[in-house]
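Enquirer: The annotation region 'Disordered' is assigned in Swiss-Prot to 1-31, 819-847. Per Swiss-Prot, domain 'C2 1' is recorded for 19-137, and the stated evidence type is sequence analysis. Residues or ranges marked as domain 'C2 2' by Swiss-Prot: 148-288. Sequence annotations record features per position, and here Swiss-Prot assigns domain 'PH' to 603-704 based on sequence analysis. Under the heading Zn(2+) binding site, Swiss-Prot lists H714, C725, C726, C736.
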Amino acid sequence: MAAAAPAAAASPEAPAVSGSADPETGDEDSREVRVLQSLRGRIYEAKNLLPYLGPNKMRDCFCTINLDQEEVYRTQVVEKSLSPYFSEEFYFEIPRTFQYLSFYVYDKNVLQRDLRIGKVAIKKEDLCSHSGKETWFSLQPIDSNSEVQGKVHLELRLNELITENGTVCQQLVVHIKACHGLPLINGQSCDPYATVSLVGPSRNDQKKTKVKKKTSNPQFNEVFYFEVTRSSSYSRKSQFQVEEEDIEKLEIRIDLWNNENLVQDVFLGEIKVPVNVLRSDSFHQAWYLLQPRDNGNKSSKTDDLGSLLLTLCYTEDCVLPSEYYGPLKTLLLKSPDVQPVSASAAYILGEICQDQKDAVLPLVRLLLHHNKLVPFITAVAELDLKDTPDANAIFRGNSLATQCLTEMMKIVGGHYLKVTLKPVLDEICESSKSCEIDPVKLKEGDNVENNKENLYYYVDKVFNTIVGSSVSCPTVMCDIFYSLRQMAAKKFPNHPHVQYSAVSSFVFLRFFAVAILSPHAFHLRPHYPDTQTVRTLTLISKTIQIIGNWGCQSRKKSRFKKSVMCEFLKMFQEERYFTDVKKFLDEISSTETKESSGTSEPVHLKEGEMYKRAQGRTRIGKKNFKKRWFCLTSRELTYHRQQGKDAIYTIPVKNILAVEKLEEGSFNKKNMFQVIHTEKTLYIQANNCVEANEWIDVLCRVSRCNHNRLSSFHPSAYLNGNWLCCQETSESTPGCKPCTAGIPADIQIDIDEDRETERIYSIFTLSLLKLQKMEETCGSIAVYQGPQKEPGYSKFTIEDSVATFKTIQQIKSTIEKLDEPHEKYRKKRSSSAKYGSKENPIVGKIS
């Protein structure tokens, strides 16, 4: 089940949440339901930011994405602009619970701390309402009130005390147990404490907890006592009875603060609980959501801060155990063999989905996982060709076939792009050479002839890199290209060039040209490039696309209207370019076996800057943790003093025994994990929870098949002669906790087939009305034996109404059976998260 419109992606698993139904026994607790969250979207641009006061009004801006206050993504810096254009796409799994998704716009400051200009904060429950829409959000001011987050666990009790002279005194016991999810202060865990006050018309008794160091989840466990009424006001007969006028006016107020020592303490939030919650029961326990101050100042000129354009798609999938998805998977995996293919479940999915792109990714991943993708794409591509009368228009549309093939290339071609394009793209992006050849767009001091030479050098280098890369082309891509080529030649026997166009329209137009134009979207570069580099990449991409197209045609001519581009393209009209294109297309569309994604070479999997704890040292202090550049390939994990420097330390992948999270209490640091290997455990701190989750996932995948993997581990560190988790003194003591369950071993393509099937179930569920319409259309065709004229008929491709009708019936039956365990889980989840629980804390006052 999904909380939003289906997202077009699924990635490594996130933490699981227990509780589902066993398909045989119906036992809700005997299986595990995984609740997987993901977020994708784009940060487009900001507009009308406040200028600096003074002659230099421009700002150097960047934007961050934060889960609550934890930064998980940062854009590039756009210099000297009050309307910065970022255009950065993002996708990540969300490995923990959160209250707010926030976007902060900063002004970069070299000498001082970066200045926060404003933010957009969206409650988790409101994310679905923005799904898939381009939306302008007004930037809101940032102060201590706007940064409030977290919750408090509180227990109240009313006791009766009898004095020596027989009078009765009422005593209020306030037990502040813990807080969870307090905000970060300057990117670090805070030093929180709480003040506990009993407030009334004529009293304000205040007490204070101890300060807890470096934690966002403090465990206070402190009890405070307050006298509710004067003992003289009561006699023995007033047992557990408080005067109404007193109890209605009294309240417990808890304020959370960050201890700043030398400067003023920072407000973290407050809650107010009326004492009359004890009127009917002398005991009350609940979690409360922290709130801003009642008198929090809200700016009346929030629009003046500027605005931010975003697209968001938040998805929450509740993935049941594998047994439930068997019937739906079977129905989908039969699709390549169904005649005609338009009557298959996979094709019908693409027909009824509101946005076909939503259906393509889970479908492609599922079919790819079961080696069914090549025959399915071949079948739907053949259907496309039936409706293509012009050989020059082959595979130019945006059909199910072209979308499936395009998505497949993104999935399996990632490493192919890295070994082919990344080195030359790095050279282009890190160079300051101008390649502008349009005199109208030239900057002052630029020389057209020099720029033309620069552009020619880059285009020629990119071209030679591409046409020399056929040996690295993934086998599954070659197999599909071979099928496309054969079908095209059969369809248009009098047009020999069309067999090349069928392949070129994908590998040049939809693969290489797009990756050159947007390297950040293919993980070839960390950020969207600057304006000059964007222009250079655009010119290179267009030229490569044209040359690739020329190699498939009998006559070579430019489609560019601008004489500037036409003149430049003449430099590439040598016969060798056309010959090299055809040779390359021949090689990647042959039936000869290729290396699967170039796996004879080490596969580059992940790299980035993190902190590692010095190994084998006992000294205590910040210097024990050093910033290092980590690099993981399919063969080894290394770390370096800086990117590009020689490795300081190398761990062969075959020596990794386990990769697990490390408890925060070990070093009082968040987002830590441990790489347990044959020599010594390596403790690493990631920059945020998303990054930590990604590193753990990829390290687990690459080492999953190691023969000596551990079955248990220590969740805390070994310090001062004992394990902090189990207090064992021997460092060689076996682990006290079972290792995390294994992750799919394919380091190239990590596919969670249950999650993909759950996505497809969600799409079918959201599209039932359209499925019903398609079913009715099939019935009408069968009854009237002729073409339909009713509205909406033309939206469906129905070649065999009887076969299509039968498949729709099977889909509906399968979906109905899956609805039952989903509904059971929804009810259980709803009932378990009662108001006042940690999962569903109380907001504001209760009476």
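Placed from the backbone N, Cα and C atoms, the Cβ positions cover glycine too.
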Enquirer: Using the centroid of the Cβ atoms of H714, C725, C726, C736 as reference, list every other same-chain residue with Cβ within 8 Å of it (recorded Zn(2+) site), in sequence order.
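Expert: Leaving out the recorded residues gives P715, S716, W723, L724, Q727, E728, T733, G735, K737.
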Enquirer: So among the binding-site residues C725, C726, C736, who's got the most Cβ atoms within 10 Å?
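Expert: In terms of Cβ crowding, the pick is C725.
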Enquirer: For the domain 'PH' (603-704), how many residues does DSSP put in helix, in strand and in coil?
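Expert: Summed over the domain 'PH' (603-704), the classes give 24 helix, 46 strand, 32 coil.
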Enquirer: Restricting to the domain 'C2 2' (148-288), what is the model's mean pLDDT?
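Expert: The predicted confidence over the domain 'C2 2' (148-288), as a mean pLDDT, is 83.
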Enquirer: For H714 (Zn(2+) binding site), which residues in the same chain are close in space, meaning a Cβ under 8 Å from its Cβ, but six or more apart along the sequence?
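Expert: Result: W723, C725, C726, T733, G735, C736, K737.
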Enquirer: Using DSSP, would you call C736 (Zn(2+) binding site) helix, strand or coil?
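Expert: C736 (Zn(2+) binding site) sits in coil per DSSP, no helix or strand.
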Enquirer: For the domain 'C2 1' (19-137), how many residues does DSSP put in helix, in strand and in coil?
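Expert: Per-class counts: 7 helix, 64 strand, 48 coil.
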Enquirer: Run through the region 'Disordered' (819-847) and tell me, per DSSP, how many residues are helix, strand and coil.
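Expert: The breakdown for the region 'Disordered' (819-847) reads 14 helix, 2 strand, 13 coil.
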